[in-house]
Amino acid sequence: ACGGGGGDDSGSTAGGDCEDVTLRLSHQWPEATGEDGDFRSLIAQKFAEGVEEETDGQVKVQVFPNSTLSKSTEQYDAMMNGSIDMSVFPLDYASGRVPEWSVTLMPGLVRNHAQAQSWEGSPIGDALVANMEENGAHLLTWVWNAGAIGSKTDPIVSPSDVEPGMTMRAAGSYVEFMLEDAGAGISSLPSNEIYTAMQTGVLDAAVTSTGSFASYNLQEQVKSFTSPTENTFWFMFEPLIISTGSYEKLCSDQQAAVDKVGADLQDYAYTASEEDDARVEKIFADAGVEVVQMDDAAFDEWLELAQKQWDAYAADVEGGAELLELAQEQHD
Amino acid sequence: MSSFAQGGIILAMAMVLFLTGMPIAFALAITAILSIVIFLGPDQFDLFGKMVFDSMNDFGLLAIPLFVLMGNLFGGSTASKQLFEAGEAWLSRVKGGLAMSSVLASAIFAALTGASAATAAAIGRVAIPEMATRGYSSRIATGAVAAGGTLGILIPPSVTLILYGIAAEQSIGQLFAGGIIPGIVITAMFCIWIFIATRMEERRASRPDVLPHHGARKVTARLYSWPDRFVSLAKVVPFALLVFAVLFVLYRGIATPSEAAAVGVVLVMALIGIGYRGLRGKDLIKVLLETTNQSTMILLITCFSAVIAVVLSYLRIPQDLATLVTDLDMNKWVVMLIINVILLVMGCFLPPVSIIVMVTPVLLPVILTLGFDPIWFGVLMTINMEMGLITPPVGLNLYVIKGIAPDIPLKEVLIGALPYVGILALALVLFSVFPEIITWLPEKLYSSGVATGG
Amino acid sequence: MKSILTFRWANALSELTGYLCGIALLAATAVTVQAVTARYFLGAPTVWQTELTIYLLMFVTFVGAAYGLKHHAHVGVDLVVEALGPRPQLILRLVTAVLCLGVVLIVFWTSFKIWLEAYEGGFTSSTAWRAPLSVVYTILPVGMGAVALQYVAMIVDGVRGLTGKIPMSEVMLMGHGGEKAVVEQEIEQIGVAAAAEAEAGAEAEAEAAAQDEPRPTDDDTEAGR
Ligand code: NA
Ligand code: NA
């Protein structure tokens, strides 16, 4: 059928008659073939299958992987104006629209998976969910991703390992500012240039999600890899979301089904993310890269630098101080 | 409606609009907005502006205006004259040496500009009148210039390779590297053809019953002393250094392709400013305005095409096409042949830029499904586009020749250029049989492929 | 009053956009080279350069489009159109110009709404630079606005041609747009360079002849025209 999609205004309102709906789910992760693919891509696929089954085919989810339908950073906009309905979306990408969301990629605020997973159902988690709802994003599954540091030289474990003049690229502006404070030069290269930039020496080191390290084959370029198994200052929240506009157009049974399938995927999302770190660590170790961990002492050194960014965030962003406070409470 | 029927409707809309003669960019824009309204629904109408804006939000595209600027600065200097003269000084005793000089000069000029018409115009302005006065037939003269000009998009930097790299998410550095050896091989093939064609003409001319071609007289060779030759060579050294400087910046990790382009612009300005009697304000303004014209033309086509690509992707046409090709279970080389024939037909009517940006997003899944190397295919597609530049009825380089030498009948230009279409086709076959000619250098420079996505 | 109605002033506006784009091109070059130098030689951060150069490039694309339109830089397939006689050709070109004006106005309108949204919401880009999108998002509506005005000027001019108010040879829409015009411009530009070169050569000789005399000032000979 042509047309269709979540943009259909007629009929199906909450509580009313349930009509057939097709939801468009766009994400930036590589298309997964089989169980070994990118776990964020698999979450999208599993969700699509689950919802179709749960609603007996009434709700269909069309998945558009690899940014085929919308640029990665533009997916929030696309959800807001209705061109897509859903995404597995790094909230920080929309921090230009919703500055509060920088809290989901704040350096040092989340140090390991246990801490990340504790957000769900906690005061910070509830505040974040409420804020997302206010800004048109209905959360279905919590997805967290740990980040690693890859370097062409010696391992970067503590801030003092950042040699002056070293050029780094990081995801997240507050992370970039922190690295700058540590003495790095920051390059804002597009992510698909990382591999070549490292190869040609434009970049000396990069901070990004473990999954991206593997999908960009950076094990072929880096000499050392600081794995997030013990600690990491880089944790990104990239939940499975549906726009509140599209959500409200579903009838109540469909809403319940969508919520249920999202919740059912929760355990998978947490475990897969942890397993992914182990998988990537193995890829890098097997490739002969020096794999190291960040111990608590080193993490505390980063924390000192990170707190400067927290202060900046609290000062710059309305409501930011409250969110930070709640997040810190969670971690004491 | 099947996705192919929908794709067919979109294609038909575009074709009809093209034929009305309106700018291709706006024909694509109308196609895009109609496709959105018909296939995505009228409520998606508001997305249009956002899609147009987002499609330009790419650092890689910046390389295009900057490489065009570099070429235009270079084209406005005395470089083309000196390149041609140096070639002539060394090849004056060879049969067809002057025509070979224009091909060689084009090849070097190509290494400093991203476009083909610029190459043909710069070299042709110097070479065609000189060849005419020295007794070359107009077929040999115009053919060499038209064909030499096509090297502009094969030998890096190249606007079409940049556009392909962005659409196919391939490393532009690798694509550039992939164009170098094929560029040299094709340059050599062109020179061999010139040698053969010149001999053939001589034989014909020696038969009393045959009239010579338009403009053909007894070819006179100018004689050069060895010191003359080295002086002429010395004059092109700065340009050669410039080529190496840009390549060095690119492959030694100083900069990305976009940044290398900016460095190149500054180096050309410095070179012209210091070595070649200054860069005047009013000339610079002309070059900048001309660059604006070419950039807005290329990039407007690119951005409206990108919107259509989003619609096609939404309709899953590229994916379905890839599935179809897999299901048909045809020999992959048969598919490659069909693709090349389609590209050649499109090349007859449309300029390379519009073909690359329209076709790449649709064909890429097919190429990857069949297991072809995307870098190899990008270079192959560019060579196919080179043919389109010299085939009637719409061939950019043919217009260039007409502009430079209005008194030469179009028929002579066409006949002169036609053999080069065959040579380029031969090159396509050669590089299909020996793909290493394309892939060796990128693999050597970059130890392994760059992953996409993620 | 009459000059306002003929939209001749839109031509001047389009010329202006071209010059602004020239500046944007130079700025993009300078900013990019600065970034390379800063990063490679000084190890300094280059947070804003990439983003700024992208915006400058967008400026050249969208705002330069009006200049390009006036100078027939936007390639078209003229095959069928040029087979027609002058009058039918002009009528067809008028029709297509109206269609183009329509689509340009659509882009203008939808991009204006995006700008308004960004302006009211105080949106910034999500990068470390936090560029205000209320500034960035003016590029597209401003560019399309200028293109629309240029099209109106060309349509008014074309109708005047059709009604015999101005000779067919002066009608902008009949300026043999497309590839050939681009190439002709290119050749003209090269011709200018050649003339300048010859002139420079002559100057050099003059200088050599009278080395101590003050150098003559540049005159404004528009060679090649
Ligand atoms: Na080139
Ligand atoms: Na052609």
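Cβ coordinates come from backbone N, Cα and C, glycine included.
It should be emphasised that the depicted structure is a prediction, and the values quoted were computed from it without experimental measurement.
What TrEMBL records for B:11-437 is domain 'TRAP C4-dicarboxylate transport system permease DctM subunit'.
Here TrEMBL flags B:6-39 (among others) as transmembrane segment.
Long-range contacts of the transmembrane segment (B:59-79) within the same chain: residues 109, 112-115, 118-119, 121-122, 152, 157-159, 162-163, 165-166, 172, 239, 256-258, 260-262, 264-265, 268-269, 272, 276, 279, 283, 286-288, 290-291, 294-295, 298-299, 302, each at least 6 residues beyond the stretch ends and with a Cβ under 8 Å from a Cβ of the stretch. Feature annotation from TrEMBL assigns transmembrane segment to B:59-79 (among others).
Residues or ranges marked as transmembrane segment by TrEMBL: B:99-128 (among others).
Packing against the transmembrane segment (B:140-166) from elsewhere in the chain are residues 58, 60-61, 63-64, 67-68, 70-71, 96, 99-100, 102-103, 105-107, 109-121, 123-124, 127-128, 131-132, 172, 175-180, 182-183, 186-187, 190, 194, 197-198, 201, 215, 246-247, 257, 260-261, 264, 298, 302, 352-353, 356-357, 360, 378-379, 381-383, 385-387, 389-390, 395, 397-398, 400-401, 404-405, 408, 412-413, 415-420, 423-424: each is 6 or more residues past its ends and has a CB under 8 Å from a CB in it. The annotation transmembrane segment is assigned in TrEMBL to B:140-166 (among others).
Taken from TrEMBL, the feature transmembrane segment applies to B:172-197 (among others).
Nonlocal intrachain contacts for the transmembrane segment (B:232-254), taken as residues 6+ away from its ends with a CB within less than 8 angstroms of a stretch CB, comprise 74, 79, 82-83, 85-86, 88-90, 108, 111-112, 156-157, 173, 176-177, 224, 260, 263-264, 267-268, 271, 275, 445. The transmembrane segment feature in TrEMBL is assigned to B:232-254 (among others).
As annotated by TrEMBL, transmembrane segment applies to B:260-276 (among others).
Summarising the annotation, TrEMBL assigns transmembrane segment to B:297-317 (among others).
Per TrEMBL, transmembrane segment is recorded for B:337-364 (among others).
As annotated by TrEMBL, transmembrane segment applies to B:376-401 (among others). Long-range contacts of the transmembrane segment (B:376-401) within the same chain, counting only residues at least 6 positions beyond its ends with a Cβ under 8 Å from a Cβ of the stretch, are 116-117, 120-121, 124, 128, 142, 145-147, 149-151, 153-154, 158, 160-161, 164-165, 168, 170, 175, 178-179, 182, 186, 340, 343-344, 346-352, 355-356, 359-360, 367, 408, 410, 413-414, 417-418, 420-421, 424-425, 427-428, 431-432, 435, 438-439.
Residues annotated as transmembrane segment in TrEMBL: B:413-434 (among others). Listed by sequence, the residues of this chain that lie at least six past the ends of the transmembrane segment (B:413-434) yet keep a Cβ under 8 A from its Cβ atoms are 138-144, 146-147, 150, 182, 185-186, 189-190, 193, 197, 333, 336, 340, 376, 379-380, 383-384, 386-387, 390-392, 395, 397-398, 401-402.
The average pLDDT computed over the domain 'TRAP C4-dicarboxylate transport system permease DctM subunit' (B:11-437) stands at 88. When Cβ-Cβ distances below 8 Å are used as the criterion, the transmembrane segment (B:6-39) is approached by residues 45, 47-48, 51-52, 297, 300-301, 304-305, 307-308, 311-312, 314-315, 317, 349-351, 354, 358, 362 of the same chain, each at least six residues removed from its ends. For the transmembrane segment (B:337-364), same-chain residues at least 6 beyond its ends with a Cβ under 8 Å from one of its own Cβ atoms are 7, 14, 18, 24, 28, 116, 153, 159-160, 163-164, 167-168, 298, 301-302, 305-306, 308-309, 312-313, 317-318, 321, 374, 380-382, 384-389, 391-396, 428. Within its own chain, the transmembrane segment (B:297-317) is flanked in space by residues 3-4, 6-7, 10, 14, 24-26, 28-29, 31-32, 35-36, 39-40, 48, 51-52, 55-56, 61, 64-65, 68, 159, 163, 167, 353-354, 357-358, 361-362, which lie at least six positions past its ends and keep a Cβ under 8 Å from the stretch.
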